[in-house]
Amino acid sequence: MMTQSLQNGFTLDNHYLRDLKGPVPVPTQYAPSLGVHRGSCPVEPHKDQEIQRHRSAQAAPLLGSCRVQTPAPMDVQMCQSIQPCHADHQGDLSAGQLLKWMDTIACLAAERHAGMACVTLSMDDIQFEETGRVGQVITIKSKVNRAFTTSMEVGIRVSVQDVREHVERLVCVAYSTFVGKPAGPQKVLLRPVEDLCSAEEQLQHSLASERRRLRLYNEQTFSTLLQDYHTLANGNYSSPGVCSRRDPLSAVSTEFTRVESIELVLPPHANHHGNTFGGQIMAWMENAATVAASRLCGCFPSLRSVDMFRFRGPSSVGDRLVFKAVVNNTFNNSIEVGVRVEAYNCEEWTANKPRHINSAFLIYQLANTPGDVPAFPQVTYTTQDGERRYLSAIVRKRIRMARKHILSCKEEAPLSVPWDKSNQVYLGYNNVAALTVLAGKQDWEASSISDRVAVYVHEEVELLCVQVQMEVMTSALHAFTLLADLTLRPLWDKHYLSCEEVERADEEETVYHIKCPPINGGKSRDFVFLLSKRQPCKDGDPYVVALRSVTVTTVPPVEGFLRSEAKCAGFLIHSLGLNSCKVCYYNQVTSGVLPYVAGNLAGWSKSMEETASACTTFLERDLITTLY
């Protein structure tokens, strides 16, 4: 390993040191123009020298000014001892100071890969797990995960270690997007990231593409979801969790939390390119957002994540930067603060013509106190702009939730339990009890509501659940009879290719094998479910159809299908009258189920609503008389 010492505690760790005398690697898309074929056929020995000269002569123009001689990216690492000047009033590492360091280290990693000056476009998915304190050592590692045509993603990982301990604890993870700073109007083309040695590097390389895809979808998804939530807010729905306006008499107006601050950019605030240091702007933004949040809750909450840090334009020494922060909305245990940064030079300052250069949304939480349930005061809006920000915060929370679970790569423990007919009473009881507990969870948030179909989501730390409510014009017994026969489900659920009965224990417990089609280019999946059905014990109780994954020796994994698992799913059917009922479908989302609900969670699909409508139509048809 080669380590090059830099000033201010920076080190560049080369984990991929190769022969630095070789030519610049050329991306595959340029190979045909250079006469190089990237196939299984080897290059003839007598042509090798000619090809190398051809590469050296043409690669640099194709790659813009990116003349890097290193064939693979390099880690960049910073180690800092947390001093009192880096801490806040409580002795914890200031989030603003940490953001400064993170932006610096990410920029150096990007420039190391590109071989030129780089510009920050955004910093996303900033998650603060904990914080450091005075006397501890903070370590920040940064590396280019993937380079696209003209942009690259830089991963940032921050850990802290006490000088008396030998164990590092994770503090923060973030991902930043950079582009090469062009000398002219042409965009800089970047060489790809190669030589991915470890499984973690390959995983991050793959996830970088998915994160980019989600970012590109955000704008369209945001507009679609915002329209849906406007409909929810302006409708007269009595269902819980709808984002309706709160009572102004019992809630705090978001206008009360407005904060405006101004900073003059001085030479120490400029970076090595001559523009205002992005990390400094981020630190000022965090300060304004913290003041806005503290105005609402009467204390200093903890910054937990930052969403959509966008760098829209540069500023320079002598500019006046105006920071405008306001609380957008509060949720069960978090608060979103929006910050907008406007820049003025002398002429613009006199003419009052600002330039919008930065914006971000910062998410705060109250510190956990033993025996206390942290909660923020409810807020309401009193202006049209306040309503827009109020609803937009709900949409962004929904997008963050979807992104978190779609990109989650945590290994799940096996969810299936071995099926044993002699133990069916215990397994059936647990199956029904789990569904009942899931249905009893509080704080379901509305996702979409129409006249007869409503979709809700519920999220805890690592738990995500969905609920679909359907009003059906048929008797509860009739709906129960049809839904309890899983072999009928392919008639109305497009996610079911086939369903075969594997074993029937008795009238209440049956094991099924389900095959599902591929979705979003993935593999076909199959499930082995235990279905437990129960009729009401007394008036007012619902009919129950509970599902969970089990392991059956007679149904081994099928070639061409990915064996997947579900932990808890099923239907509760409530009677509303002689010929009407409410059917509620629940699902505790697992990695096996996620591909089928991800589109709904992220806002680019209405498949759950469509499936619910098909189910309603199916239940309302008189299938009993049709079949018999």
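Just so you know, glycine gets a Cβ as well, placed from its N, Cα and C.
Any TrEMBL annotation is an automated prediction that lacks curation.
If you look up TrEMBL, you'll see 72-184, 255-370 marked as domain 'HotDog ACOT-type'. Taken from TrEMBL, the feature domain 'START' applies to 441-628.
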Summary of DSSP states over the domain 'HotDog ACOT-type' (72-184), given as helix, strand and coil counts:
23 helix, 56 strand, 34 coil
So how many of the residues in the domain 'HotDog ACOT-type' (255-370) end up helix, strand or coil by DSSP?
32 helix, 52 strand, 32 coil
Averaged pLDDT, computed only over the residues in the domain 'HotDog ACOT-type' (255-370):
92
